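Colleague: Take a look at this one; I'll ask things after.
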Amino acid sequence: MIKLVLVDLDGTLTEDRESTRIDLDAIYAIRLLQKSGIKVSLVSGNSYPILRGLYTYLYLDGGFVAENGCIVFYKEKYRMCRQMEQSLVDEFKSLFKLRDTWQNEYRECDFGFVPAKITDEMINWAKERNLYIKSSGYAVHIAYNPAGKRIGVEKLLQLLGLKKEDVAAIGDSSTDIELFQQVGFKVAVGNADDELKDIADYITSNKSGKGVREFVDKLLKGEFDGIK
């Protein structure tokens, strides 16, 4: 039985992958889950202040994971990754002629840069320094993080006292692959990256936030074999 749904933010809860506007159908879907007794958590690469604000104003109850797994919140804040030295941030940005994302000012462990394209040279640079590097499609992220979103989701499930089999997740990006590794039922929205669709248990016909609504409607109607 599903007791928790983990929802990515950009490209999943929003109207589409190019928008920062939260989809109203997705908000309605969250309310339907909560009314049925299923908790909802956000899992995102966004910074802690962004997730904390959304968590409060969307009136969520299942905690959240920020900075691609590096920050977890449930009743209190937990830092799962070592903080990044500013000298490394500056070196990476300067060497590859990148720009800070606007959220870097508020980040602690996982930093994002644009353009969002990763090169072999970037991968080698990160590997030499034992850094995680990945593109979300919105930015290139670097952090002292061995497991991406998985490290934060593991902690959150521990805090909530839930097993992998109790949890479903919905996302759109290759950064959600690590998220999918920690849940029992995996959903990719219709406009998700192909590599995420390849491992999904269900792919919505609708994109982004409308896909969230589609999944929730089917879940609550009991249309997925083996889960309720």
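Note that Cβ sites are derived from N, Cα and C of the backbone, with glycine treated the same way.
Sharing the features that Swiss-Prot gives for it:
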ACT_SITE  ASP8  active site, nucleophile
BINDING   ASP8, ASP10, ASP172, ASP176  Mg(2+) binding site
BINDING   LYS149  substrate binding site
Colleague: Could you tell me which of these recorded positions, ASP8, ASP10, ASP176, has the greatest number of Cβ atoms within 10 Å of its own Cβ?
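Modeller: The most densely surrounded of these recorded positions is ASP176.
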Colleague: Across all protein chains in the structure, which of the binding-site residues LYS149, ASP172 has the highest Cβ count within 10 Å?
Modeller: LYS149
Colleague: Specify all same-chain residues, apart from the site residues ASP8, ASP10, ASP172, ASP176, whose Cβ lies within 8 angstroms of the center of the Cβ atoms of the Mg(2+) site, ordered by sequence.
Modeller: LEU9, GLY11, THR12, SER44, SER136, GLY171, SER173, THR175, VAL189, ALA192
Colleague: Quick check: in three-state DSSP terms, what is LYS149 (substrate binding site)?
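Modeller: DSSP call for LYS149 (substrate binding site): helix.
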Colleague: Could you give the Cα-Cα distance between the residue listed as 'substrate binding site' and ASP172 (Mg(2+) binding site), in whole Å?
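Modeller: Counting only the Cα atoms, the answer is 13 Å.
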